[in-house]
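S.K.: Input: one structure, supplied below.
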Amino acid sequence: MTQPISGECNSEHGVDKNKNQRQNGHVPASPLVSDDLQLPFPELCARIHDRITAFLEEKHVSPRLQSVQEQTRVSLEVIAEALERYSLSELSLSYNGGKDCLVLLILYLCALHTSGLSRSTPNNVTSSHHQPVQCVYIQAAHPFPEVEEFVVSSVKTYSLSLVEYAKPMKAAFADYLHDTPSVKAIFVGTRRTDPHGEHLTHFDPTDHGWPKFMRIHPVIDWHYVDIWTFIRHLKIPYCILYDQGYTSLGGTTDTHPNPALLRQPSATQVPKPQIANGTANGSMNGASTPKFRPAYELVDDYEERLGRDR
């Protein structure tokens, strides 16, 4: 099942700091971050914190936004607990450029500001140095260039200290813990409807036979539609593949646009001229190719992985 959510995510020409507009559920007019303007890390975290605080203060919003507000509060509490249990050097975040870990990253940076951990370190008061946000990126066997580009962009935009491994997940985590021995816990963007996510809690040690660390799941109870409502309402830039009908990102050999988002041609539609070299939403080799709606129009959690072969 699909359903557009544009009614909750259109831009407004208001000022983000105006409390009356926040309470009336107005959407920020500007993107949360921009490739053209890289903010110092403390300012970045403060901007994210202000945007999320404004979102949580919005009143008279739809039931969907109310649900996302509550999920956001719960997730921030989980991250705050993690920051009490572990030091920053003991924490890392699994990041692959996907929508779920993107939401997790934004929430984490918000929590760093709240806890005062986004400021310069005591030994570097006169500089902009801060303790890095540690991330591990486990690359797909056949990665999409668009995903690779978005990860590189994320590293720059969010000042991430990211280590990349091109190998199976278990081996990648083993190598990462060997290379970064301070890490004791890793934030993961797994949700309840993901494979092996059904019985997870907010804090789970890894299973027997896996490298030992604490898995932290702040967004475990978010629904697919919650993720996209948060991203679009806060105007968070995301990987362009999601606008081409991809809803779950793996590699080029096992990931396709979601068939549930296939655009059905109109009976009165006039055929357009075909070109030799087309794109995913156009034509290919002189033949018309299917067109797909964007990922945020999907609603059903259990249709999310229909574009994945495994």
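Each Cβ is built from the backbone N, Cα and C atoms, and glycine gets one as well.
Because the structure is a prediction, the values reported are computed rather than measured.
TrEMBL feature annotations, pasted as is:
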- 1-32: region 'Disordered' (REGION)
- 10-19: compositional bias 'Basic and acidic residues' (COMPBIAS)
- 91-171: domain 'Phosphoadenosine phosphosulphate reductase' (DOMAIN)
- 176-257: domain 'Phosphoadenosine phosphosulphate reductase' (DOMAIN)
- 272-288: compositional bias 'Polar residues' (COMPBIAS)
- 272-292: region 'Disordered' (REGION)
S.K.: Can you tell me the mean pLDDT for the domain 'Phosphoadenosine phosphosulphate reductase' (176-257)?
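M.R.: Reported value for the domain 'Phosphoadenosine phosphosulphate reductase' (176-257) is a mean pLDDT of 97.
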S.K.: What is the number of residues in the domain 'Phosphoadenosine phosphosulphate reductase' (91-171) that are helix, strand and coil, as DSSP sees it?
M.R.: 36 helix, 16 strand, 29 coil
